Amino acid sequence: MCRTSKGFLALLVTLLLSAAAVPAQGAVPPGTSGDGAAGQTVRVYVEAAGSIAEALEKEIGVRHRFPRGFSADVPRHVADELARRQGVTVRPVAVREPLGPGAGKAGKPASTPRPQDRTPWGVEVVYDDPALEAVPRYGGRAVVAILDTGVAPHPDLEPPAQCRDFTGRAPYVDGRCADRDGHGTHVTGTIAATGGESGTGIFGVAPGIRYYSYKVCNSLCFGDDVAAAIREAVRSGANIISMSLGGEEPDALEQEAIREAAARGVLIVAAAGNTGPDPGTVLYPAAFPEVVAVASLYQVEPHDVRADNLSVNSWSARGVDDGDDRTISEGEVEVAAPGYEVESTWKDGGYVVLSGTSMATPHVTGLAALVWDELDGDARRVREWLRNRAKQYDITRASGGGAGPGYDIASGYGNPRYGGR
């Protein structure tokens, strides 16, 4: 997630997350569906058995089908009426935010036609090389699914191997993932940018890696769209799923999809959130224990990639510490990566500098891809490798507190790197 106006975001999240609260018995709380529609409909998940479920599907329509139910967009009064029926369970779908300063948002960034640096500082950190001038083309077999606002054509980005839109009226539209926001294009560049044909563009962590662009967000995201995209990514053979989005409430559809993905050997990486510095502020889906939650780092002094020159941003979400440093529990930060003033590709073909845990997450996604083959494509081994490498680059500084030697609630295990091995 990248940062946006605090006042605007606080108001927006307060309004939207009211739709994701647990409903009182027999009622569905106010909410919205579509891209910010003013309370016209609510996005709900419906469970019913046998003939009741079949009748409901015909009555209200289906957005996404899940193992025990389906999601749908319905008028609020219809949702309330459904919740009162015998044999029918109705709950609202959680709202998520990419938190991007894209189109239509105050303070949207201005792009430049040429990058300030072909190898942004975050990529230099991953490779542990402040003098890095270019990044070799990725030659591994890992496939990354990027769940975000889509991707725009860019000279430094190869087209996605799959391009799907989960935000429309159909369950998903194949071949469409246009990014009108810019957030997804920026995230994609940090993972996969190739430097362009001339090599004068910008480089990502794993240039030219095969990736799927799954559009699950416009200005908002919904948990059922995210869950459906996770399931589709697994079916389509993705090895790593990257999500720079989140919300305060857990979503059962997301959680079930994530658990199934992890059980099938997929590594899931997500942004911890820009909700710090208070403890216990990691957002979902990053807060689920099956997910690698990524915090954001900045350089205290420029042009110095040493771990002791890196600090956790004050706004980076803090986790909780259950006292067991050997395992990750719900709500804990796992690792930290560069997320402040990160330059990457933009929707207009230029380059933009953004900050947020959204920008930190793709560094870890790309890093996981770099070691995927040498660890036999075993997601559990890759996750363990990330932790062990992070311990070698311990982060002991954090604006707003929470960091210290060893595992901490601000940086997790530390800052994993590919270089310096």
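Here the Cβ of each residue, glycine as well, is placed from N, Cα and C on the backbone.
Annotated features, as they stand in TrEMBL:
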- 1-26: signal peptide (SIGNAL)
- 93-121: region 'Disordered' (REGION)
- 142-392: domain 'Peptidase S8/S53' (DOMAIN)
- Asp148: active site, charge relay system (ACT_SITE)
- His183: active site, charge relay system (ACT_SITE)
- Ser358: active site, charge relay system (ACT_SITE)
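In the predicted model, residues of the domain 'Peptidase S8/S53' (142-392) average a pLDDT of 97. It is 7 Å from the Cα atom of Asp148 (active site, charge relay system) to that of His183 (active site, charge relay system). Distance noted between the C-alpha atoms of Ser358 (active site, charge relay system) and His183 (active site, charge relay system) is 9 Å.
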